Amino acid sequence: MPSIFAYQSSEVDWCESNFQHSPLVAEFYNTFSNVSFLVFGPLMMFLMHPYAQKRSRCIYGTLVLFMVIGLFSMYFHMTLSFLGQLLDEIAILWLLASSYSIWMPRCYFPTFLAGNRSQFTCLVIATTMISTFLSFLKPTVNAYALNSIAIHILYIVYQEYRKTSNKELRHLIEVSVVLWACALTSWISDRFFCSFWQRINFSYLHSIWHVLISVTFPYGMVTMALVDANYEMPDQTLKVRYWPQDTWPVGLPYVEVQGDDKSC
């Protein structure tokens, strides 16, 4: 049985033509569109630093995983190797696990955990380790399984949208869902309608997915930070800011922590 560390081609091949722009890069645009992860990751780490100091330093680890996804995705699309595919998908899996552990509201925990976040984190880690092992068995279904997790996240977001009257939170949820829907549409279109896009010489939808999902994550992160603050930081007020300027029509969201006299 060959080692996974020996070169093996991935069974997944995206719509973009291979080695068209460089003999060293299989999918040029799909590779370099991941630069957005390496730009937004450090920037969000800087912008969210005061919040992470108050809430959890594990947030730095989540943002490191976000950047690691960009690096592994670049490696995968540069080589189209089986190892690159696994590294990319496993990094995404652990990013989701990290986000669940930090921001999942206690009211959505399984009842047998009685709202204990430490036990919930252990459950998430155990489940993620098992899922990591299973990802080696049928790699072609990994991407579909990862995208299906979004259904549970959408359920939680929908429940919180119904509960809140906070206009900032409602706006963030709306923008996050629209961005995610656009990103997923790009992913599905590239995967299942490749022949059409090749006929019109536009085989770049997977690279658009990279850019859109790298923007969606900061919006989703700030959305969950606001939701989480209602449960975990009742004595603090989080103010949503946008980089580089609040007044610009588009920007990268982050939260500013303000003291408050609210009581639990």
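In case you wondered, yes, glycine gets a Cβ from its N, Cα and C as well.
Keep in mind the model is a prediction, meaning the values are calculated, not measured.
What TrEMBL lists as Ca(2+) binding site is Asp13, Trp14, Glu16, Asn18, Glu27. Annotation source TrEMBL lists transmembrane segment at 28-47, 59-78, 90-108, 120-137, 143-159, 171-188, 208-231. The Zn(2+) binding site feature in TrEMBL is assigned to His77, His206, His210.
Among the binding-site residues Asp13, Trp14, Glu16, Asn18, the ones whose Cα sits within 10 Å of the Cα of His206 (Zn(2+) binding site) are Trp14, Glu16. Note on the transmembrane segment (208-231): residues 30, 33-34, 36-37, 40, 44, 48, 51, 55, 62, 66, 70, 73, 99, 102-103, 105-107, 153, 157, 160, 164, 166, 168-169, 172-173, 175-176, 179-180, 182-184, 186-187, 190, 237-238, 240, 252-255 of its chain, located 6 or more positions outside it, place their CB under 8 angstroms from a CB of the stretch. In sequence order, Trp14, Glu16, Asn18, His77, Met78, Leu80, His206 constitute the residues six or more apart from Glu27 (Ca(2+) binding site) in its chain with CB-CB distances below 8 Å. Separating the Cα atoms of Asp13 (Ca(2+) binding site) and His210 (Zn(2+) binding site) is a whole-number distance of 15 Å. Listed binding-site residues: His77, His206, His210; maximum Cβ neighbour count within 10 Å falls on His77. The Zn(2+) site, placed at the center of the C-beta atoms of His77, His206, His210, has further neighbours from the same chain whose C-beta lies within 8 angstroms: Trp14, Glu16, Glu27, Tyr29, Asn30, Thr31, Ser33, Asn34, Ser73, Ser207, Trp209.
Of the chain residues outside the Ca(2+) site list Asp13, Trp14, Glu16, Asn18, Glu27, Cys15, Ser17, Ala26, Asn30, His77, Leu80, Ser203, His206 have their Cβ within 8 Å of the site's Cβ mean position.
By the criterion of other Cβ atoms within 10 Å of the residue's own Cβ, the least surrounded of the binding-site residues Asp13, Glu16 is Asp13. Within the set of binding-site residues (Trp14, Asn18), the lowest number of other Cβ atoms found within 10 Å of a Cβ is recorded at Asn18.
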